[in-house]
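Data block below; observations after.
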Amino acid sequence: MESVDVFESLLSSSGLCNWDPVVFDMLIKAFLKVNMVKDGFRAFRKTVKHGMYPSVITVNCLLTGLSKLNYSKKCWEVYAEMERIGVHPNSCTFNILTHVLCKDEDVNKVNEFLEKMEEEGFQPDIVTYNTLVSSYCRKGRMKDAVHLYQIMYIRDVSPDLFTYTSLINGFCKKGNVKDAHQLFIRMADRGLKPDVILYNTLISGYCKEGMMQEARFLLHDMIGEGMHPDKFTCSVLVQGYQKQDNLVSAVNLVTELQRFRFVVSHDIYNYLIAALCIENRPFAAKALIDRVSGDRYEPSNMVYGELIESFCRCNFPDEASCLKAEMVSKDLKPDIGTYRAIIKCLCKLGRSMDANSLMREMTDCDVPPDIEVCRALINGHCGENNFCEAQSLLSFFAQEFKIFDTVCYNTIVRLLSGEGDIAKLMKFQDKMRKVGFAPNQLTCKYVIDGLQKAVGVHKINS
DNA sequence: CTAGGGTTAG
């Protein structure tokens, strides 16, 4: 839609000045540069329709864009079009299309295509070989991959880091870290220096096999070589430790990397903090936050929530409240789950009055309480023999928030019945009816129990 | 300087 406008306006304004058809070439490239592949494709078609020829480089950019979106069919359309209008493909074109064929798992077609490429006078180069090797590796066809790797030496196209990364990754994926490492050593013998991606690949292989010591050794090796472990390195190692339920080592690793001032993604911090919270180790989680918060890391709303809930599960409501206050001071809005956790925890620990004020705070912040909050408070007050507060909360929740918790209602009825004060019971019943509570079977049973108790009748049936 | 090839895993 937009490309039509841009193309047409470019076309219409070209009459007003000296212009060069290269502007349309640039337009296509510009679309692709900002990842507007479809617009680039449309602009390409229109350019051709108006009898102009985009450059090979531009067509190659277009093919790359289409290939990345897996629009294979469109790639071949473009290729046919360039033959038709006489834009000669070059080695990049062939490599891009080889990649397309490899992705589509068309092995026979790949060979056919390579023959055609040679007919047109292009020898497969390092990129062509790497594309093929990586394709074999991805499909787990290591024998074919290694065979091609040997052919590269024969044809005097020396394998490079890309080749080795594909092969090492291929072996690792098969669980064959030994061969992967051997290749790594051979590569070094041939004078190639592994880069971060290559280290990551092998480290990931070891992590997948649970060989964390080897993985860690490689990490130190790469640091010793002056390389900077990246997010990828960190995430692979953390996941490796996690797979062995070794959260402590994962946390230690991350703090070590952070001390070295290497990039640790905030996702990793979030992940580890969440994991510690789930394992009910809120103090460790809090310590991790404190240690890394200098690292431009700020816990999100969700992380705070998880931490607070973890403290609550472990019966540390004051630590939880403190964090909640910290959230508020940072203009983060605690959600219902956070409030609910602290309220439940306080009630469980016999501090229902403290929970009350928290409930007031949440309603002041326009976070309406839910039935769980209602139930926790009422049960809490009942447990602390504060029936009065329980009763007033029951009607408060009903009136203000339309929460009618029959379970709580019946609990109070049962307790009042147990006290044997019929007048009080009836007064309560009456009040509750007015705010909208309807008694059910269980309510009636409790009321009858209360009456019997009051008049001293012993139960006949138990 | 210039387009094309290599790393996790959900």
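Just so you know, the numbers here start at 1 and follow the chain as drawn.
Cβ coordinates are placed from backbone N, Cα and C, and glycine is handled just like the others.
The shown structure was predicted, so the numbers you read here are calculated from the model rather than taken from an experiment.
Taken from TrEMBL as is:
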REPEAT    A:20-54  repeat 'PPR'
REPEAT    A:55-89  repeat 'PPR'
REPEAT    A:90-124  repeat 'PPR'
REPEAT    A:125-159  repeat 'PPR'
REPEAT    A:160-194  repeat 'PPR'
REPEAT    A:195-229  repeat 'PPR'
REPEAT    A:300-334  repeat 'PPR'
REPEAT    A:335-369  repeat 'PPR'
REPEAT    A:405-439  repeat 'PPR'
* Structure fact -> Sequence-distant contacts of the repeat 'PPR' (A:90-124), meaning Cβ under 8 Å and at least 6 residues beyond its ends, amount to 56, 59-60, 63-64, 67, 70, 72, 75-76, 79, 82, 131-132, 134-135, 139, 155, 157
* Go ahead and report the DSSP secondary structure tallies for the repeat 'PPR' (A:160-194): helix first, then strand, then coil. => 26 helix, 0 strand, 9 coil
* **Long-range Cβ neighbours of the repeat 'PPR' (A:405-439) (under 8 Å; 6 or more residues past either end)** => 371, 374-375, 378-379, 382, 387, 390-391, 394-395, 397-399, 446-447, 449-451, 453-454
* **Same-chain residues near the repeat 'PPR' (A:20-54), Cβ under 8 Å, at least 6 residues beyond its ends** => 2-4, 6-7, 10-11, 14, 61-62, 64-66, 68-69, 71, 74, 78, 81, 85-87
* **Remote residues contacting the repeat 'PPR' (A:335-369) - C-beta distance under 8 A, at least 6 residues beyond either end** => 301, 304-305, 308-309, 312-313, 315, 317, 320-321, 324, 327, 376-377, 379-381, 383-384, 386, 389, 393, 397, 400-401, 403
* Tertiary contacts of the repeat 'PPR' (A:125-159) (same chain, 6+ residues out, Cβ under 8 Å) -> 91, 94-95, 98-99, 102-103, 105, 110, 114, 117, 166-167, 169-171, 173-174, 176, 187
* Structure fact -> Long-range Cβ contacts under 8 Å made by the repeat 'PPR' (A:195-229), restricted to residues 6 or more beyond its ends, are 161, 164-165, 168-169, 171-173, 175, 177, 180-181, 184, 236-237, 239-241, 243-244, 246, 249, 253, 257, 260, 262-263
* **Predicted model, mean pLDDT over the repeat 'PPR' (A:125-159)** => 95
* Structure fact -> Residues outside the repeat 'PPR' (A:300-334) whose C-beta sits under 8 Å from one of its C-beta atoms, at least 6 past its ends, are 270, 273-274, 276-278, 280-282, 285-286, 289, 341-342, 344-346, 348-349, 351, 354, 358, 362, 365, 367
